[in-house]
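Asks: Among the features that TrEMBL reports, DNA-binding region is placed at 18-57. The feature domain 'CoA-binding' is assigned by TrEMBL to 81-182. According to TrEMBL, the NAD(+) binding site annotation covers 92, 93, 94, 95, 96, 97.
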Ligand SMILES: NC(=O)c1ccc[n+]([C@@H]2O[C@H](COP(=O)([O-])OP(=O)(O)OC[C@H]3O[C@@H](n4cnc5c(N)ncnc54)[C@H](O)[C@@H]3O)[C@@H](O)[C@H]2O)c1
């Protein structure tokens, strides 16, 4: 697939939502202009790094004044894809899957979980937060009619490979994988692995060790 947009390194993409949160706060306080130095003081990121990250957006700051806050906020929202609606299906509606379906925050970031799929008869046929939960066997026929391009995977780790394969066969283009399984799939399918436990491990590692 041809893509003419500039390649943005992952660490830069990961920092942009922090800038967005910062400028949204400033906009709510009525601030009109912000410099990279001011963002730098709030977030403890070098201002040269912020300027470089923001250079991927087509928004230009003004010398000595900085960026117009509203324009920067809008630009970050658009660039990050948070304004577009991305339809997703939830694979596995257990403890984590139910929490993600119930989370109203995801839609503010452009992710609309439109339905869930599960194999548990106690769960299938119900709806959660107004979202229907279908049997896994209906995935291939439902994905197209739902218009979903993303699958959020929260099934037991041993089912992940099979579920990921079914999602891709059904036409899903991106997999947001919460299981510890490392998915191998076609190169044009985007896989994003997420683990809150990995962040916990980093936090523990940085804490002073307990002395026995
Ligand atoms: N990445 C993280 O931060 C994080 C946090 C919590 C859990 N997890 C992972 O998420 C996954 C789910 O955890 P949980 O605590 O919600 O488990 P859970 O047992 O509560 O839920 C799993 C759900 O998946 C369903 N399921 C089983 N096989 C399926 C299949 N083939 N297709 C569709 N649905 C199927 C089950 O019926 C159940 O409803 C696990 O792999 C766990 O390791 C990751």
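In case you wondered, yes, glycine gets a Cβ from its N, Cα and C as well.
All annotation found in TrEMBL is predicted automatically rather than curated by experts.
What does the local environment look like for each feature on the list?
Replies: With a cut-off of 8 Å between Cβ atoms, the residues of this chain six or more beyond the DNA-binding region (18-57) that come close are 6, 8, 12, 65-70, 72-73, 75-77, 79-80, 82.
Here the domain 'CoA-binding' (81-182) is broken down by DSSP into helix, strand and coil counts: 36 helix, 29 strand, 37 coil.
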Asks: Which one of the binding-site residues (93, 96) has its C-beta surrounded by the most other C-beta atoms within 10 angstroms?
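Replies: Sorting the candidates by Cβ neighbours within 10 Å, the top entry is 93.
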Asks: Fewest other CB within 10 angstroms, which one of the binding-site residues 92, 94, 95, 97?
Replies: 95
